[in-house]
Amino acid sequence: MAWFRGKLSVVIIISQIIFILLFGLFGSYSDEATPTGKNDMGHANAINRFYGVFQDVHVMIFIGFGFLMTFLKKYGYGSVGFNFLLAAYAVQWSTIVRGLISGLNGGKFSISIENLIEADFSAAVVLISFGAILGKSSPLQLIIMTIIEVVLSVANEYIGLSLLKVTDVGGSMFIHAFGAYFGLGVAWVLQRKANEDNAKEGSTKTSDLFSMIGTVFLWMFWPSFNGALVEEDSRHRAVINTYFSLAACCITTFAISALSNKDGKVEMVAIQNATLAGGVAVGTSADLMINPWGAITVGAIAAIISTLGFKFCTPFLCEKLKLHDTCGVHNLHGLPGVLGGVIGAIAATFATEDLYGSSLGDIFSELSGTAPPRTAGSQAGYQILALCITLGISFVGGLVTGLLLKLNIWDEPQDADLFDDYPFWDDVSTGPIEDGVDVRYKRIPGQEVEGGNENANEDVNMTELTKGAAAEAAE
């Protein structure tokens, strides 16, 4: 394990040195961030217009996503800790990649508050994929995945926004769908028998409550996420549409979860995840004129799809297709992201200057002017094309990345180390696994676990199993 830790440290330190060099060679402040720069835009400095929503998005990335994944009873450190690591890595790397892809001006790319928000969006893509392989990969594998995925996701976004001229203000396609299907591609390649029905994959009341912290933070700040990079009336619409879509999604999730449960009870996994699907699904159309009732409808549909996905689709993918999705990102980000892309295309068919006024050119650049190069119908076609390209690049890219991550050099975890903090974190109460059984089960029932926490002792006190019985239960 010492060599493993050394290898991870070397990769991170070398990466940070490369980041410093690249920022030194190519990075510079935007005009509004320099003392000598002039603000000739006719309104407040960008920091005053964007810092509030930047803070909200930042909270979503580091608290929302991090705590949402703490439901695994033995992988809480890894969920929050590796989320922290990957996000901090991704924001630096994505700023460089975006700057180089978008082009240099005078040999430099400028960095503004808007670029920081875009960097957080790239981090979100990576963290969504992280959810699909949560507990099944080493931190070294996660770093390599981040390096590759950031490049592919930024390139895909460039194709959609700069070449195809589509709109996706809240990232239904370029953030959520891309992150989900890239992660599923990686998960499919990394699949093994030990992922299925693993005793350590479950949750406890405590871990589920921690996960709900992430859910509530994400739910509260999602309007800022969807409206972060637009202004004026467009941001106003984005906040309103996302607000009502989330509200409808929340109550619909409770209803569908209870209806689909054989005992008529609400399932925590649905409340932790499906209640957020409305924010994902309304992303592409967040700043469009879909009306409040339309946003509510989108949220309700997303809730139905996501809740039933957790109930039926996740087991089907695992049992029939051998695709294990730890966090169910297919149901929270994948399917709602595709729905969001389709909703955006439908909304585009109704885009006219009478409806949008002078904002039409800001939202759909190819529909404005005296002789616009596109009709509303053709714009809808481009929206669907961008969605299809996103799905193709993300899933194929995930498969190829998964093959690369299978190489032994990246220290793929052993079967006994899956869904467990013990191999990666110091001072963890859970011990190693022998013959597929946690060594704690060999203790006398009721005996205090030395150095353990409340959950560890609770497991021993509640488990009156012999080693053989525990092994049978784990199978």
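Keep in mind that glycine also has a Cβ here, set from the backbone N, Cα and C atoms.
Quick look at what TrEMBL annotates:
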type: TRANSMEM; residues: 6-29; note: transmembrane segment
type: DOMAIN; residues: 19-418; note: domain 'Ammonium transporter AmtB-like'
type: TRANSMEM; residues: 50-72; note: transmembrane segment
type: TRANSMEM; residues: 140-161; note: transmembrane segment
type: TRANSMEM; residues: 173-190; note: transmembrane segment
type: TRANSMEM; residues: 210-230; note: transmembrane segment
type: TRANSMEM; residues: 242-260; note: transmembrane segment
type: TRANSMEM; residues: 293-313; note: transmembrane segment
type: TRANSMEM; residues: 334-352; note: transmembrane segment
type: TRANSMEM; residues: 382-405; note: transmembrane segment
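Ranked by number of Cβ pairs under 8 Å to the transmembrane segment (382-405), the listed stretches 50-72, 140-161, 210-230, 242-260, 293-313 are led by 140-161. The transmembrane segment (140-161) shares the most Cβ pairs under 8 Å with 6-29, out of the stretches 6-29, 293-313, 334-352. If you average pLDDT over the domain 'Ammonium transporter AmtB-like' (19-418) in this model, you get 92. Just going by CB pairs under 8 A, the stretch in 6-29, 50-72, 293-313, 334-352 that sits most against the transmembrane segment (173-190) is 334-352.
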